[in-house]
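J.: A single structure is presented below for examination.
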Amino acid sequence: MLYPRKLKLLTAFAAVLAVLAFILPPVTYLALKYQHEKAVVSVETHVNALAVSELINTNPELWVFEQLRLIELLSFRTGSVGASESRTVYDIEGTIVAQSKGVVDAPRISSSRLLFDAGRPVGRIDIERSFRVALINSGGIAAISLVVAILLFLATYGLPLRTLRKTFNDLRQEKEKALVTLQSIGDAVITTDQNMRIEYLNPVAEELTGWTTAEARSMHMDEVFRIFNEKSREPSVNPIRECLDTNAVVAMENHTILVRKGDGEEFHIEDSAAPIRLSDGVIVGAVMVFHDVTDRRKAQKRLHHIAFHDELTGLPNRSYFQESLRRAMQEAHVLNRQVGVLFMDLDRFKTVNDSLGHAVGDELLILVAKRLQACVRDHDMVSRMGGDEFTAVLTDLPSAESAAIVAEKIIKALSAPFQLHGNTLRISASIGITLFPRDGASIGILLKNADTAMYHAKSCGRNNFQYYTAAMSARAVDALYLENALRTALENAEYYLEYQPKFDVKTRRVVGVEALLRWNSPHLGCVMPSDFISALEESGDICQVGNWVLKTAIAQAKVWMDAGRALVVSVNVSARQFKQPDWVGEVMALLDAAGLPPSLLQIEVTESLLMDGADRNETMIRTLTHLGVKVALDDFGTGFSSLSYLCRFPITELKIDRSFVVDIRRNTTAYKVVKTIIELGQALDIRVIAEGVETPEQYDLLTEMGCDEIQGYLVSRPLGVVALEAFLDNFGGARRAGPNRPPLTPAFPGNLPAHT
């Protein structure tokens, strides 16, 4: 509609302009020419009247008879005249006195003046002049004007029309593009007039609102676009109303919900509304652009839940715990109240994972989480820190004892058996308790102190809770100092090995030695293995140190072999060390590099190590024994002893723990256990060695039972290399191997009682 209207206006304007260009020049010429000729005739009439009047004054009575003189006076001109004219003098009665004759073509211009004699009129003079020449000239001007008018019409109409058509086509294309864009974009678009009456909805807006453009056109925005706040469930102010009131862009408030017509489905939406202005700034309506963010909001909530909750148990995670504890501490500081922090670690949870698998362990953690949640109040929070560690934030505690009540409740709840896949499982927890502000003013300090108290609970026998005390921190500082000192012990060559002889009861010879790690710290002095081995295990340095022990012991065994002493060197291997990738390959590489026969190396493992990943361990042990390395089962009888392991693994030696040997004479149970182990070894053709033999009486009993080897202070304490070699040389004839003599193990000193 806009283009035809403008085309009509343009045509009318061009036509008017052409008409004016055609009419105005000739008309103007005629008007000006007429005025000019009229003035000239008037002037000449006046001049001629003055001349005739002067003649009359000189001869008042006879002037009418001086026709020749009058005609001469009438011939006076102010300029040349191209047009025909006539000049006539009349007396007072109107009789012609004199006349300059000529044919005067119409149209004519005339002028008349009175003649006076002493102020008395005595006649008149008339002049008529033809206006035909001017009229003919105006025709020529009109012809030229017509040509100019035609050219002007074409210029005024044709060129703008081309521009208008191009502009209109461009606008139409832009409109079509805009319409296609609005029809195809993923955002919903609604436009209204300045009274919030709907003019347009694109397809997305139609889908989200449930209204079509045809249905909604001219309806008020509030009737079509129903929104409310997700949290308050109160209606929200329509953003188009706000933008029209403020004349500015308005963003939707957070948590806006749109209700669709018909099914009432709710959508999360967001975006903005803006006024529509003309070029002069006048607001003629508004446009609102919005989009459905329901899926994104759900994803955000899911991501938020994942970020702040443990995936397995659904409990809050460490981040959520720290944020909740921070808020609880702020409130407690303002209200002068206490906050309790419980740090919980499940006791021997690793055994469940190792024996029944991680899947069962995960299910157990889920059940534990549910029981923990049931033990706290609604406004308290239980979180999982990772692994089998849990924490609880107890807010608004009336007293320190209130935290203990919750801890006791948790211990009691976990003491009930768990039923999983036909297995009855029992588990307990060690709990450390700290209180804000008594035990720390920051999250880090409270958590560290609670962790310290938890470890103290473990050291007190597990399945109990302990409040944090300053003395616990002192022990923790000592442990940290020990850990830091251990980190540089290997590179500073602070470790060394001692060797304890192993005595064959039947041959009465030393047949081997056990390599024992020692640490001589420049700051702590000689540290007992029991004081630092567990620290090495926890830090993971046990692998590096254990490999050093193995390498050093193999090298020393090779030195002894070259010296004629074929001693089997036993090396204890930790579970972490045993789990190293291609550890068997590394052992064989060390043996090859040193040139030591595999038969002179014995690896000592514990029963718990065999249980952890039994299939892989069986393969490794079979590989070792197949290559000639001996494998001893250390501390037999103290762990989860199982005859199936003895049948499954190619064990070459059983070591009876010293805890049984020390009471062998006084404790009949210990006696029977030792005797049973020895008989078991004999039945399975496995050598048996007793550790911790310190008295002749113990030696006699073990000999009577048929024990193969003994090890202990009765034979010798652990010795350094030089001392051990002196020990072997001083007792039993230390005969070295010669070129034609096989190496011999030294005879055991004869001062031990012989078996009778």
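From the backbone N, Cα and C atoms, a Cβ is placed for every residue, glycine too.
Note: TrEMBL annotation is automatic and uncurated.
Copied straight from TrEMBL:
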TRANSMEM  12-32  transmembrane segment
TRANSMEM  134-159  transmembrane segment
DOMAIN    174-247  domain 'PAS'
DOMAIN    252-305  domain 'PAC'
DOMAIN    337-470  domain 'GGDEF'
DOMAIN    479-732  domain 'EAL'
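Are these features on the surface or tucked inside, and what touches them?
T.: Predicted-model confidence for the domain 'PAC' (252-305) is 79, expressed as mean pLDDT.
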J.: Mind checking which residues reach the transmembrane segment (12-32)? Cβ under 8 Å, same chain, six or more beyond either end.
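T.: For the transmembrane segment (12-32), the far contacts come to 134-135, 137-139, 141-142, 144-146, 148-150, 152-153, 156-157.
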J.: How do the residues of the domain 'PAC' (252-305) split into helix, strand and coil according to DSSP?
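T.: So the domain 'PAC' (252-305) is made up of 12 helix, 26 strand, 16 coil.
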J.: Give the residue counts of the domain 'PAS' (174-247) per reduced DSSP state, in the order helix, strand, coil.
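T.: Residue counts in helix, strand and coil order: 34 helix, 17 strand, 23 coil.
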